[in-house]
């Protein structure tokens, strides 16, 4: 038995050798050249195929299975498509501003420039001179028992004729018969820099703005403080709670940070800019990316330098930061005295909303004012390093950070010599720079604030230039005379909009203008950047901030060894606000799909939906009502309004029913007085609509309610539209959803207002469109469902589109179909064998070629995907999103000639490519009688 197995083993091994020797040698069939990329930019696909020859060797050695796959695919042209910016039409001119004697208008930025595209027209707003029909005066509502200045401002009576110009225009010191003693017995100098800390601050642009607080107003008090620097006595303005003068310039203040890429630096700066101490801002916009009209700010320019530097090579960054403070201040919590120019600008705002007028408040005075902080300067320099050189130096991130900080402290800031680690000066990166880690950088970018501009700019450095060793001391000395506000806390300037006529109305308009103003800085309008780069908006253009391991203008290039496919999510733009509902609330939403996260990428931070209070217009769009501060307080504090002083009985104001209001609204009603209930638009009153005041001070009420009688317009997110477009829909009415080309409605396309006054079928939150082809998440014809890509449903996902219709051939049914691109891709995903014939409607003459093409395709060795819409065979090439036929003379000469045809009375052997090209071009021919397979000759 053992002898039998001893003989069997060599036989078994011999059989393995024989079977392996019979395996197909795939190199016999070479690869074709890579095909032309399916798109010229934006990320496409290229493919190649094995040039099989279907001979005896091919079938005998099972080459079809062994040499699979027949076709290979890879990404190509990943750089973004260059797009120019798109700017909307000019809006109408505003009313004439009496203070500047100008009219204003604006135009919106519809689409920013990106991927190398330019924005030639950068002027987003303009003005022209005009003749005003009113005076430029401050209008105040709280002037009872006060002195009204010539400019309209009101001050305490005690401040008249006291010798200190409290009005600002000198009118309180004119025509004085009796002079009052000034609050301060002797002349005291104003606090240095007081006007500086009264400036506004634009958090979107990261820069100081016009004066919003009048810090030259002192009021009735004489509060003084002595400077510890020079011993001078200063008078503290009424807006200031306290101020101290100390020069802070310590070595311990120097900090350094390491950023592995520009994206990490941007995230750090953006997150720190969104919070300002106790009273943090709610604006989620990075401070570096603002624009003020068409003027480029210093900080915007610095950040553009960083982005462009990171685009040239794979880079890491080290930031050195130090604050020099000369004073520290804190403003009062309330009763702040606004500046004359700010109040004049507010008073000149029209009652009706006009974006150009209201947004100028933020352009001229900023978005916030300072509540606390320091004045001085900030030394802030960012060094760019080649990542390869850092890796070759052997330094860790922590060591790099410490080395840069140490050399900065000793060589630039001139603090005492501290011990320097050998690693910092003796490594491969510092061999060419005589041990200097700073000069080993590619460049440095100065983001220094405060001091003289020329000294701050000189602190930047470029490789090959002399290092700015001596410039720091020049800048430091200039800070004391040219300080700026640093390390500050902020509050929105909307809190200063008070004490003027229609203050509540103007605050609401300013809030609306702020929302529109911030949209100009939101990168949601940008297309996603490749390689998980972060998209930011700088002025009117989108820029890509590269992650570690990538570089290029749009971060399209990867360093060797970088294979990550992680994609972090980013928000799309907010939808429009819904209509105000019966509970006086409205909502808007956004989606995390620009792009959507994949392969372990981060989801978007922040809410998907926002809700806010709104006001229902009872009588249509009749214009804005003038609402003052005291009217809002009176409405809120109704219960505090005292009863009339006579002895009569009164009924207090009753609550209105849900979705209704009272025709006559006041605080107290006399006995026997009738009060009528009115329902909001879209609601129907059921019951007795009158209340009656009884002698005991209570109300006689019958059952009454406001019942909905219509379906309200569903919430629609652009670019989806519904038809007909109305505010209310009666029972039985139907709306139809339409989407632009290349997109389809999510869910159903038709909804009906049912008897229960709700839409049938139920609308899933918000109507919106989705891309038919979303290759960033799923393959064409598929959609994302619970983190998995599944085939789209023709009924649910493919609604009515305005896109180009397709002519499609159903191979199984041998018929032509007219189909939308969505339905075509979805059915192909579901396994239906469909072939694209042409764009446009099918004609009877298209059927013959469609049948022949399907028969020929079974023998084709080439199956090249064309823009996710078509598959090209041996006799075709991809053009756009369609396959087009080659000319017979364009077919490769080396292809196997397996077919015999009779052409011009002569027999001729041709390849499958040439045969397909001849049939496609309708060139008359015949197949040889004995040739297999046979094909029908097209009729001519």
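Placement of Cβ uses the backbone N, Cα and C atoms for every residue, glycine included.
Straight from TrEMBL, the features:
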type	residues	note
SIGNAL	1-23	signal peptide
DISULFID	149-167	disulfide bond
DISULFID	161-176	disulfide bond
DOMAIN	180-525	domain 'MACPF'
DOMAIN	649-708	domain 'Sushi'
DISULFID	679-706	disulfide bond
DOMAIN	709-771	domain 'Sushi'
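As a summary of secondary structure, the domain 'Sushi' (649-708) carries 0 helix, 31 strand, 29 coil according to DSSP. The two recorded residues, residue 167 (disulfide bond) and residue 176 (disulfide bond), show a Cα separation of 14 Å. Residue 149 (disulfide bond) sits 51 Å from residue 706 (disulfide bond), taking the Cα positions as reference. Each residue contributes its Cα atom, and for residue 161 (disulfide bond) and residue 706 (disulfide bond) these two points are 61 Å apart.
If you take every residue in the domain 'Sushi' (649-708) and average the pLDDT, you get 86.
A separation of roughly 59 Å, to the nearest angstrom, links the Cα atoms of residue 679 (disulfide bond) and residue 176 (disulfide bond).
Long-range Cβ contacts of residue 176 (disulfide bond) within its own chain (separation 6+, distance under 8 Å): 160, 161. When the disulfide-bonded residues 149, 161, 167, 679, 706 are compared by the number of other CB atoms within 10 angstroms of each CB, 161 has the fewest. Counted with DSSP, the domain 'Sushi' (709-771) comes out as 0 helix, 27 strand, 36 coil.
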